[in-house]
Amino acid sequence: MSLRESLASGQLHGYRQDLFGMLSKRWVFVALTVVPALAVFGFVNMFPMLWALAASFFEVGAFQPSWTWAGIENFETVLANSDFWASIRRSVIFAAGSVVLQVTTGTALAILLDRKFSFKRVIRAIALVPYIVPTAVLSFVALWMGNARYGIINQLLVEVGLISEFIAWYGTTDLAMLSVIVTSSWKFTIFVTIIVLARLQSIPASIYEAATVSGASRWDRFKDITLPNLKGVLFIVVLLRGVWMFNKFDIIFILTNGGPINTTTTASIYAYRTAFSDFNLGEAAAVSTLLFVLLVGAAIVYFYFFEPSQEVRVE
Amino acid sequence: MTVEVKSLTKIYQVGSSEELAVDSIDFEIGANEFFTLVGPSGCGKSTTLRCIAGLETPTSGQILVDGEDVTQTAPNNRGLAMMFQDIALYPHMNVVENIAYPLKVRGVDKTERQERAREVAELMQIPELLNKYPGELSGGQRQRTAIARTIVYNPSALLMDEPLSDLDAQLKVEIRKEIQRIHERAGVPTIYVTHDQSEALSMSDRIAVMNDGHVMGIGSPDELYESPENTFVAAFIGNPSINLVPATLGDGGGDRVTVDLGGEATERELTEGRPVGTDVEVGIRPERVDVLPDPDAGKLTGTLELIERIGDRRLATVDIDDGEIRALNLSTDTLAEGSTVSVAFDWADVHLFDGESGEALAHPIADVQRNEPTESV
């Protein structure tokens, strides 16, 4: 019997009825939508987190399978180590610098893209490229662009006359952190742009027009309409970018490997080194656990002080 | 304060083609005049208003406010006020901040602008809403807030772009009154855009009827209703719409002609001469047409197609040979749909339009002249 015939006879209709009936059951629906995501989350996120949490209370060597109970010894060692605190400080600098740069340039780019002008699509596409390209690829491109001998950035800056000689952007202690911040922002700015642009486009044009006719200048409109409307979304963007940049590992690891002379060894690089150079897995787990606690604490403070429920006004 | 629009033209670039939205229109709005631009959607009325506001740049032509050319002036420096169809309150500001915003951008200090916003809110009967946000207001309250916001800074003219079209009928009437009250009080020209002819008729001192980027007719509501310049204005103004029945000019020709309709003829004087045999349209308002149960009693015979109730009146649609006739005067309550009836009207009540150009050739004869024996031949 063909599909058409089945439909005509109403037989298929019966099967569909049963299918819809089953899917409409609450527990079936919940299971189908939530369980897969939960399973992945549990396997990829929760399990390693709990594993690390457990490991932080043991002495775990890389070459011996047995764990030895150590209590809070790992934490004591880590907290007493000035290298750990220095790495935290670098994470904060890296996160704060990246967030400021990404949010300001990202918002500016969004405001630009919100206007009508020619080549808008081209610019949007170009801005999206670094975000789509894998971090490793982008990092190597950045490394070559900033290369002290052949780098195009050096070439351009010398030609323009901003610098007099080639600079090892990622290899100079004074500049490495700044260079890493700029490179990471190059990649992630468009994230801010995409979210801010979505919000900008949801602001009705008539609100701007009403303000314009009633005497508001371009600056007034930006300050009194655009910015207040962006508050809520910027709150979320700063939070997300802050957390992600604080934990950033890959781009820094590839660009500088934490160097030169540890100037870019952020907390996550420090944790990696503890685990895979010093082979002290227990201590590395303690570092990770401390980072987790620190971020949760920071997020709570952030939410407490900025009261997003008031800022994120949904009409 | 006056507003003048001089040969205003606006052409939009749509892809590679050009779209003429407004085609060289002229009008002048006097001090304290309530002026309405009315027409079907896409007729260019909103574009005209937006050009006056400065939100659109005219392709050519001039906008004069109080005799001063503001065509090149930025919209925020024109000193006008505008109300929008979607009200456009600032969702992140409460009512008092919304009302006071035009004062804020003018650099008025905080206590004074709060004071003035409060006064205007009082005037609009919304003083208790000052600390609420637009999302918490009803439709009528939002409208009142929006009106308050437009008058708080004494603008030189009020522009309104279909501000009532999203309201329910009852609220419409209420806010309509408010707008007129505010217009009186502000003492400045108001330019009001609507697609609703009844709104235009009830509110305006003068109306410009627009179609396809042109002004088809301009005048007071009475003028447009009594002596429309062409069939478009005649058909657009008045609800139910005017009846237009084709006819041919008979004897005479020139200024004085006879019109044959349904075997009867009348002699009329034309504003412009037309030769014998010219196709014309006879226009007659449904208010002036009677439906009679006797098929032979009236001027035209037809089938009573439909009786509809419009408010307290009944509208009859009668099918005749050359189309249909709408009539509001039903001689008896017993008329049945489907029966053969006749329609009657007074020759003095008819308009004549040129069949081709739609231009008006004759208007109803004023009541004072009615008794003179000019009627049927």
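Glycine is treated like the rest: Cβ placed from N, Cα and C.
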For the transmembrane segment entry in TrEMBL, name the matching range from A:205-224, A:225-244.
A:225-244
Could you tell me what the rest of the chain brings near the transmembrane segment (A:125-146), counting residues at least six beyond its ends with Cβ under 8 Å?
109, 152-154, 169-170, 179, 183, 186-191, 193, 250-251, 254-255
Can you tell me which of A:27-44, A:177-198, A:225-244, A:284-305 gets the most C-beta pairs within less than 8 Å of the transmembrane segment (A:92-113)?
A:177-198
